[in-house]
Each structure stands twice: as structure tokens, then as C-alpha cells.
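Record features, source TrEMBL:
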| type | residues | note |
| --- | --- | --- |
| BINDING | His82, Asp93, His194 | Zn(2+) 1 binding site |
| BINDING | Asp93, Glu128, His385 | Zn(2+) 2 binding site |
| DOMAIN | 216-314 | domain 'Peptidase M20 dimerisation' |
| BINDING | Arg219, Asn278, Arg291 | allantoate binding site |
Amino acid sequence: MESTITAAQTIMERCEILSHYSEEPDRLTRRFASPALSQTKEAVAGWMQAAGMSVQYDAIGNLIGRYEAEVPGAKTFLLGSHLDTVRDAGKYDGPLGVLTALACVERLHQQQRRLSFALEVLAFADEEGLRYHTAYLGSKAMTGTFPPRLLSFIDADGISMREAIRTSGGTPDPQLLQTPHWQPDELIGYCEVHIEQGPTLEAHNLPVGIVSAISGQNRFSIDFVGQAGHAGTVPMELRRDALSVAAVFILTVETLARGTPGLVATIGQLSVQPGASNVIPGQVTLSLDVRHQDDTIREQACQRIYEQAKALSEQRNIRLHWQELQEDASIACNPHLIQLLERAIQEEGYPLHILPSGAGHDGVILSKLTPVAMLFIRCRGGISHHPAESVKVEDVAIAMRVVERFLSLLA
Ligand code: GLV
Ligand code: MN
Ligand code: MN
Ligand code: MN
């Protein structure tokens, strides 16, 4: 059997290969249900089959590779992550977790070994929510918690989610999307390997860490609607400038988040209409993402932000359209699975470090069905959602060994 460092090199090479499946020529962008995502899934499916797995796609386009247990009828343990990306992404957020899981199965297959439980490697079709501004579409469909109203959401090109699923070979049938892929008693749990996306492990000089909990999050789409008009003729006091209100709103959100420990709030997308230098902005549409480990604090913050938006709009005679696209509560990782990860890390000879995740992960949704755990890998400078994402092959090899040990402790 090949060494874990050789296997980790293969993982890195595969991350590199997948990074070329992009919707944009000069940067990595892979939205839900895009041709680039289909190419990525095909490549991963091929590697899964070569590793002795049977391969299947579900209604929304998640890829599922299954490696049977030594005896039929045994329970299943889930591993995996997502294959979609943000815009101008790095190579590792998502694919690294899928490919590390795949490599663990590949090594079992090389040894002609099976475990007392089946393994499924899940490659989720949408975790980032780039295309429809609502995250976790893949895991929501897989757990049967997909809200059918999402099928009518429209992307930037006017393509509905229903149409996008159909075009990419899926089946946008609400009933299928609301049917869980497993019954809870068929499952043992889910474990995801992911880059940390923050600087903590690097600061502690540790290759891996265990996730305690994943923050809850809300996403909103907000429109400020004023009146477009001539930039040269409409006096300042008679204007209803949507962008001026949006600008005040953006700073209000920042001030509120800065004043609330642990709260993060981000406006990452802004569209100004009609968008000309000599036209007063008539409408601004912006995204808002709000997160906190404590759901009550997050909910209160969202309410206060909404009230501020309303007050600002009223002051300036602007119409406000406020739409909540997503709300997911925070989750705690499973204490028993955490204990097994702790043992695995200690037996590999590394100190323990437990940390919360401010980033969202499919485990949030999987937790509705089965116990979840996450293993973070140190990344350079804590950088992610950026092309400069970087991990060391040695750390990936350590993560693989930890997962292998974890699986044998579970058996
Ligand atoms: C996904 O990476 C998210 O946390 O938004
Ligand atoms: Mn991400
Ligand atoms: Mn991710
Ligand atoms: Mn709500």
C-alpha cells in the first residue's frame, strides 16, 4: 500500500486538477448545477469507481460513492464535503474534504479491506450558495429538508433553480427533494475534513483541530428603491438616491457588528441600477450575511439591522424590500465523535485543539439526521474564499491518518 504522504500528494494533485473546472477562464468559480460542476463530479466519480465504490447521483445532483461493509445490512458512516465554490475561489474549500475521504477509501480498497460498516463519500452539489444566495442546497436535499419554495428562486441570468436542476441532469421534484436519502437508524454519523479557514491552528503550530460547533447564519436580499433621475438637473434636496441610503445602511451594519462581540455581518454583493455616472441611483440590491455562535444574539442582531434599514428608508422616502433567503441555527458537534477524534489525534502524537467554526458546513444540515463531527486542517495565513488558499501536503497526510484511526476506533 502507498504511504499516507504519497496518498496526500495524490489528493493535492487532484485538487489542482479540479481547480481547472471553472465557469470563468482566469479564476475558479463553480456554481451549483453548472457544466463546470458536472465535469468535476464526473472526474470524482471516476476516481470513486477506481477505488471500489459504487456511484450514484441524487435528485439535486449530489454525488454519492459507496464502499460496502464486510457484511451486508451493516450501518453506514458518512464522509465528505462539497464541490461547488465561491467566486474567485481557492482550490481546497470543499474538494479537499471530498478527496481526503476518497483517499481513505482508496487505501482500504488497496488493502482489500472492508470495515464493519459501509462508508459513503458524499460530494455535495451546493454548500456555498453562490448561485441562488442560499447555502446547503445539496445537504438539504439529501436530508429531505429542502424547502420547495427555493425551486422558484432565480439566478443572475434569470434561470430558475428548477430549470437549472433539470438542465444539469437532476430531477426538480419537490417530493424527491423532501425525501431523506437514509433513515436515521441506517447511519452511524458524518465526519467532514475541511481547511480551517482561519488563523488559529497556524498560530498554535498545529496541523489539525477538532470542531466543537458551527455558527448559525442568516442570508438576506435587500432592495432600496428610490427614484432614478438626471444627475445634472435634480437638486440634492429633491433626490431619492437609493445608493446614499444603502451606503449609510452598510456602515450601520458594520458598526452594529463591531459593537457585538462574536457577531459577523457582511454585505458582499451590491447592484446599483440603472448604473450610469450621470444617473441618480434608482435602486440598490444588496446581500447581507449575519452569523454568531449564539442563535439568540444572531436573531436579535437581524431584527435590529432590519429596524435600522426601515428607519433609514423612511427618513429618506425610500421603499425597502427585505427578503430572508436563509436561516440556519448553530449546531454542536457530537461529543462521542469528538472523543474518538481526540483519541485518534493523540494516538497520532499531536496535541489537541478544539475550536468553533464561523464558516458554514454541510454538517449543519446533516446534524438533523445523524451525529456530526469535523476535522480542520491548518491553512496558510487563515486565508480562504480566495485563490491564495494553501495547505501543506504533510498536514493533509496527518488528517488522513487521523481519519483512518478515527474509523478504526469507530469499528
Ligand atoms: C461557506 O463557506 C460559508 O460559510 O459561507
Ligand atoms: Mn466556503
Ligand atoms: Mn466549505
Ligand atoms: Mn427568521
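Heads up, the Cβ atoms here are built off N, Cα and C, so glycines get one too.
Keep in mind that what you see is a predicted model, and the values were worked out from it rather than measured.
Sequence features annotated in TrEMBL and their locations in the structure.
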residue: His82; record: Zn(2+) 1 binding site; DSSP (3 states): strand
residue: Asp93; record: Zn(2+) 1 binding site; DSSP (3 states): coil
residue: Glu128; record: Zn(2+) 2 binding site; DSSP (3 states): coil
residue: His194; record: Zn(2+) 1 binding site; DSSP (3 states): strand
residue: Arg219; record: allantoate binding site; DSSP (3 states): strand
residue: Asn278; record: allantoate binding site; DSSP (3 states): coil
residue: Arg291; record: allantoate binding site; DSSP (3 states): strand
residue: His385; record: Zn(2+) 2 binding site; DSSP (3 states): coil
Key: For His385 (Zn(2+) 2 binding site), the one of His82, Asn278, Arg291 that lies nearest, given that the binding-site residues are compared by Cα   = His82
Task = Mind running the binding-site residues His82, His194, Arg219, Asn278, Arg291 against ligand 2 and keeping the ones whose CB falls under 6 Å of it?
result = none
Key: Those binding-site residues listed as His82, Arg219, and which of them has the most Cβ atoms within 10 Å of its own Cβ   = His82
Task = Based on Cα distances to Arg219 (allantoate binding site), point out the closest of the binding-site residues His82, Asp93, Glu128, His194.
result = Glu128
Query = What is the interatomic distance between the Cα atoms of Arg291 (allantoate binding site) and His82 (Zn(2+) 1 binding site), given in whole Å?
reply = 20
Ask   = CB neighbours of Asn278 (allantoate binding site) within 10 A?
value = 7
Ask   = What binding-site residues in the list His82, His194, Asn278 lie within 10 angstroms of Glu128 (Zn(2+) 2 binding site), counting C-alpha atoms?
value = His82
Note = Most isolated by CB count within 10 A, of the binding-site residues His194, Arg291, His385, is His385
Request  = Filter the binding-site residues Asp93, Arg219, Arg291, His385 down to those with CB closer than 6 A to an atom of ligand 3; keep them in sequence order.
outcome  = Asp93
Ask   = Among Arg219, Asn278, Arg291, recorded allantoate binders, what is the largest CA to CA distance in Å?
value = 37
Request  = Could you measure between His82 (Zn(2+) 1 binding site) and Asn278 (allantoate binding site) for me? Cα positions, answer in whole angstrom.
outcome  = 43
